[in-house]
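A short worksheet on the structure shown next.
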Amino acid sequence: MGEGALAPGLQLLLRACEQGDTDTARRLLEPGGEPVAGSEAGAEPAGPEAARAVEAGTPVPVDCSDEAGNSALQLAAAGGHEPLVRFLLRRGASVNSRNHYGWSALMQAARCGHASVAHLLLDHGADVNAQNRLGASVLTVASRGGHLGVVKLLLEAGATVDHRNPSGESTASGGSRDELLGITALMAAVQHGHEAVVRLLMEWGADPNHTARTVGWSPLMLAALLGKLSVVQQLVEKGANPDHLGVLEKTAFEVALDRKHRDLADYLDPLTTVRPKTDEEKRRPDIFHALKMGNFQLVKEIADEDPNHVNLVNGDGATPLMLAAVTGQLPLVQLLVEKHADMNKQDSVHGWTALMQATYHGNKEIVKYLLNQGADVTLRAKNGYTAFDLVMLLNDPDTELVRLLASVCMQVNKDRGGRPSHRPPLPHSKARQPWSIPMLPDDKGGLKSWWSRMSNRFRKLKLMQTLPRGLAANQPLPFSDEPELALDSTMRAPPQDRTNHLGPPEAAHAAKDSGPGNPRREKDDVLLTTMLRNGAPFPRLPSDKLKAVIPPFLPPSSFELWSSDRSRTCPNGKADPMKTVLPPRASRAHPVGCVGTDGAAGRPVKFPSISRSPTSPASSGNFNHSPHSSGGASGVGSMSRLGGELHNRSGGSVDSVLSQIAAQRKKAAGLCEQKPPCQQSSPVGPATGSSPPELPASLLGSGSGSSNVTSSSKKLDPGKRPPSGTSATSKSTSPTLTPSPSPKGHTAESSVSSSSSHRQSKSSGGSSSGTITDEDELTGILKKLSLEKYQPIFEEQEVDMEAFLTLTDGDLQELGIKTDGSRQQILAAISELNAGKGRERQILQETIHNFHSSFESSASNTRAPGNSPCMAGWVRPEETVSSRR
């Protein structure tokens with residue numbers, strides 16, 4: 001506390017202790033007591049101020065302190081006032097109290113050489129090894145002042161000579177002793193030339209070679225700096241090392257020369273074996289500095305002068321060869337290896353070798369050279385990684401470097417183990433465990449399999465760079481002379497190498513021969529394109545089955561054509577369902593339009609529902625601009641021309657979809673001003689005959705999980721709404737965001753479609769409709785929020801989408817959702833869905849109108865059936881539907 005804030009009585013007590021006025025201190029501490037006859041001479045009488053302070057009433061505390069934390073006892077001890085110190089101790093003053101700088105009363109007495117006061121404090125339990133915030137002990141401050149009697153008293157009381165704090169105790173500052181300067185009592189006595197104290201400390205076993213950790217100076221160097229020959233002689237006689245070097249690479253002899261102490265220099269000259277460096281030697285850098293500068297000649301001179309320099313280590317345990325490998329200087333690496341540098345030495349921090357450093361920094365030529373020179377590829381760093389493991393951790397590893405290390409590792413495995421590492425190990429393979437590559441069970445792991453997968457990854461990445469951006473491998477190029485409709489779609493790669501779904505035979509033949517048109521070669525590339533466009537990482541190698549990444553729930557600006565409001569009020573007051581699905585690609589066993597379609601059905605395509613004019617099943621042979629009607633096959637055919645860029649947008653963002661819709665709306669605005677009549681669209685199903693067609697199994701992908709149409713052979717009535725179709729009042733905006741993973745074979749495709757069809761059959765009550773129910777949409781929302789565990793709650797309470805959009809926080813709690821974070825996620829989704837409904841409805845109506853106008857304008861330019869281009873999987877109007885097997 002500041003002195004100005006002290007009470008008058010406290011100020012009087014501190015002043016009396018500083019001056020040794022025991023009488024005033026007694027009157028302040030013991031109101032009503034008799035004056036003490038032992039007041040020291042020279043002490044000023046307190047006078048009327050003390051009397052007024054005493055008359056004020058309250059007694060003064062004995063441990064009061066000033067603004068620096070100095071107590072009354074410390075002030076009395078520093079002044080050497082023994083009677084006052086004795087009186088304060090009798091009144092209960094704390095003997096080990098510290099001021100703000102860590103000084104105690106004993107340190108104050110030792111600093112000033114008051115032996116009697118120090119003895120009195122020691123008798124009352126003062127800490128003889130106390131240290132201040134700078135790490136100076138009681139013995140150090142006494143030695144600095146040259147107080148031989150106090151030093152002897154402290155040593156006899158048990159003071160530590162070198163006070164190295166072996167117990168690890170902390171100083172008053174809170175820092176450990178090792179963080180301080182490390183000045184011992186002997187160094188303090190030598191620095192100030194107290195020869196008698198030096199002799200006493202040496203007799204008590206002081207270390208003459210203790211050095212200050214910051215500057216590296218020893219007591220002998222301090223004596224040489226001071227110029228005390230007698231002190232230097234004492235230290236040398238007690239074993240001081242004259243060859244000790246400080247941080248400036250100087251000995252005590254050089255210090256004496258610099259200070260021009262000729263007598264000291266003459267005495268130390270014959271004792272010192274480390275001679276001073278010449279000016280040229282001082283200017284010459286060491287081998288590490290020469291490597292950093294890239295000075296080949298200087299490194300060669302240093303290595304020629306002393307070959308041991310090539311294996312020196314720095315503070316991190318790194319060698320010159322490691323530094324050269326990091327910097328990528330092949331000539332220096334060759335020079336060091338020729339000078340017998342240890343290629344397999346590991347640093348002390350991470351355990352890396354020169355080969356690991358060169359591998360990690362991508363210095364391929366150095367890696368080749370070190371491998372040719374016999375560097376050990378099996379050495380592991382402290383984290384267990386080898387050089388091959390490090391190159392696999394790089395974001396963009398060099399293919400040749402990976403191949404080089406892999407071949408060497410496989411050769412080592414073959415030479416040492418006799419079998420590839422991915423096979424079941426023999427009994428003697430335990431000896432290879434410390435260096436063998438981590439492997440998976442059986443033939444799914446091992447070095448060879450690992451390299452095979454990595455090679456596939458690099459090959460496919462290079463192939464993708466040759467394709468047009470966003471072009472899927474299994475889809476035909478858009479017509480260059482016709483407008484492209486920028487809509488979003490979701491496609492799935494074909495599972496087998498079939499070219500008969502590419503439309504015209506000549507196009508299929510060309511696609512089969514050429515690289516970009518081969519579905520088998522590039523079916524995984526489509527998924528790679530989707531994954532890269534979505535910004536998804538590669539958790540596994542591309543040769544494995546890549547699963548589509550489902551993005552989180554989109555922000556309020558999200559809008560997707562297939563996820564907007566699916567009910568629309570017509571001028572006549574009826575509801576218009578807005579969500580339908582285009583005809584699927586027909587299987588090879590059930591040709592519906594295009595010649596020779598793929599039996600496994602390619603990627604299912606999702607489009608927004610489009611309101612059309614009434615359909616006429618009887619006029620199936622005529623052109624109808626509704627692709628959803630029984631006679632809409634030609635409409636679907638024309639759709640392929642308009643949807644050129646349709647398949648290139650798989651996995652795109654919602655913002656890109658909006659921009660594409662806006663561009664298309666501008667293009668199609670002037671084509672037709674006629675507004676389509678609002679009428680219910682017919683169910684999905686391409687047909688050219690008067691009888692309704694049968695839907696082949698595993699053709700349509702719908703719902704949040706892209707489930708397929710049921711495999712049951714129920715027929716769709718084009719005049720009726722599917723019984724489990726979308727409700728006319730449903731207002732869900734749950735989008736289907738991602739494509740299904742690309743299966744690798746027909747068997748997998750069939751099993752997946754069968755199981756998903758069975759699930760959809762259950763949810764839709766056995767209907768073969770391709771539309772999405774409220775339950776599917778609600779399930780999709782919960783899946784996107786990663787809250788599938790709450791789905792049974794909504795199913796049990798029969799909560800549909802319309803009820804879901806009205807839920808509040810209290811409703812969710814009543815349903816049993818107790819987690820605050822989960823409720824907030826659901827409420828945010830509900831708010832987002834409700835907020836964007838009006839805007840989505842308006843944009844969707846305009847898009848549908850423009851879409852309809854485009855179809856009407858293309859009706860007048862319909863091509864001849866033989867010349868009309870037909871995309872893969874699309875139906876032709878002149879072909880009939882074959883019956884299901």
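Positions of Cβ are set from backbone N, Cα and C atoms, glycine also.
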Among 266-296, 855-885, Swiss-Prot marks as region 'Disordered' the stretch 855-885
If one consults Swiss-Prot for 3-hydroxyasparagine across Asn129, Asn314, Asn383, Asn456, the residue flagged is Asn129
DSSP assigns the residues of the repeat 'ANK 8' (316-345) as 17 helix, 0 strand, 13 coil
For the repeat 'ANK 7' (282-312), the distant same-chain contacts (Cβ-Cβ under 8 Å, at least six residues beyond its ends) come to 319-321, 323-324, 327, 329, 331-332, 335-336, 339-342, 345
Model confidence over the repeat 'ANK 4' (134-163), as mean pLDDT, sits at 92
DSSP tally for the repeat 'ANK 7' (282-312), helix/strand/coil in that order, comes to 24 helix, 0 strand, 7 coil
